[in-house]
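Below you'll find the structure, written out as structure tokens, and then a few comments.
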Amino acid sequence: MGLSSCMRNPVVVFCLQLFRWVPVVFISVVVLWSYYAYVFELCFFSVQSYIEKGAVAEEFVVAFYALLKILFRSAVYLIPYHLIVILFMWSYWKTIFSTVYTAPPLFSISSSDVTRLRQGNLEATSGFIAELTNSLPVRCRNKDGGLRYCEKCQIIKPDRAHHCSICGICLLKMDHHCPWVNTCVHFGNYKFFILFLGYAWIMCLFIALTDLKYFVAFWTDEGRMQKKSQFHIMFLFFVACMFFFSVSSLFSYHLWLTSKNRTTLACVVFYLESFRAPIFSHGPDKEGFNLGTTRNFREIFGDSPFYWLIPVFSSRGDGVSFPLARDQTAAYHFP
């Protein structure tokens, strides 16, 4: 049995699809454990134990003051923590389960047209290309100057759309396929993905900073904490720091992409193919979609500041056509 036929086996397909959910389950389990460790082991048990044992054998007034400190510190920790966790999980699940944006039926072509585009040279198919160009809102070209098309989906690719071999479809403004969300990051969920990274970064930083005091106490004054809490607090600090540094690089990278109005997939192509820029009718232009930092930000997050920080779809446009930085209609001689 060949590899291709094996990959089409229903059992193999089901196992692969099931296996792809492992990273999502892993993230969910880590978040659930961190919630228990932070809320119960840190805020309820460790904070309480740390303060109460400082008031052993003291007057009632001192003990009452210690109780107020417990309530106040728990509120200071738990209120912002729960707000961050809610926004994080909301963004995460919106990234995973948002509507998948594919090419509209307008971009579908017949099998005979696919064969014609595949076999003909640029000169022979120029009339056909011109006809398609007039009827479709496409500006991007392939390296030979022809329209970009997908034989598997049998469509003319809209600008910035790409085929995902894992999902098996062409997605609008595809950024990359992310195993941590088991779906493609594209036009429909890119805002949610950035918010997911942002709130993950904030959550890890918040946990690390508020856990630091008790992490230090683990090494210097461990007698004030229960053995069970010691493990959770120590491990929680390490996990928060580890994810903080790993998410920092990814989050900053996508903020940079947003400021330039680029995608991960395009930048990977740039790197692997000598920084090949998006190709228009006038030729390559790496800044073809760069409208300036402010406008680039609004392309993804929308015009209303009210929606910027919550995972509600507010991106501009339809994912098919995009405003260009400059006129892209000048003539260009393709090699």
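Just so you know, glycine gets a Cβ as well, placed from its N, Cα and C.
Residues 6, 77, 81, 85, 88-89, 92, 96, 166, 179-182, 207, 211, 232-233, 235-236, 239-240 of the same chain, all 6+ positions outside the transmembrane segment (12-38), place their C-beta atoms under 8 angstroms from a C-beta of that stretch. The feature transmembrane segment is assigned by TrEMBL to 12-38 (among others).
Sequence annotations record features per position, and here TrEMBL assigns transmembrane segment to 75-93 (among others). Here the transmembrane segment (75-93) has long-range neighbours at 27, 31, 35, 38-39, 42-43, 47, 181, 192-193, 195-196, 198-200, 202-203, 206-207, 210, 309-311, meaning same-chain residues at least 6 beyond its ends whose C-beta is under 8 angstroms from one of its own.
Taken from TrEMBL, the feature domain 'Palmitoyltransferase DHHC' covers 146-265. Summarised by DSSP class, the composition of the domain 'Palmitoyltransferase DHHC' (146-265) is 70 helix, 16 strand, 34 coil.
Using a Cβ-Cβ cut-off under 8 Å and counting only residues 6 or more beyond its ends in the same chain, the transmembrane segment (192-212) has close neighbours at 34, 38, 42, 77, 80-81, 84-85, 87-88, 91-92, 94-95, 98, 175, 178, 181, 185, 233, 236-237, 240-241, 243-244, 247-248, 250-251, 254-255, 258, 300, 309-311, 313. For 192-212 (among others), the entry in TrEMBL reads transmembrane segment.
Residues annotated as transmembrane segment in TrEMBL: 233-256 (among others). Same-chain residues lying 6 or more positions outside the transmembrane segment (233-256) and placing a CB less than 8 Å from one of its CB atoms are 30, 34, 37-38, 41-42, 46, 193-194, 197-198, 200-201, 204-205, 207-208, 211-212, 214-215, 218, 225, 264.
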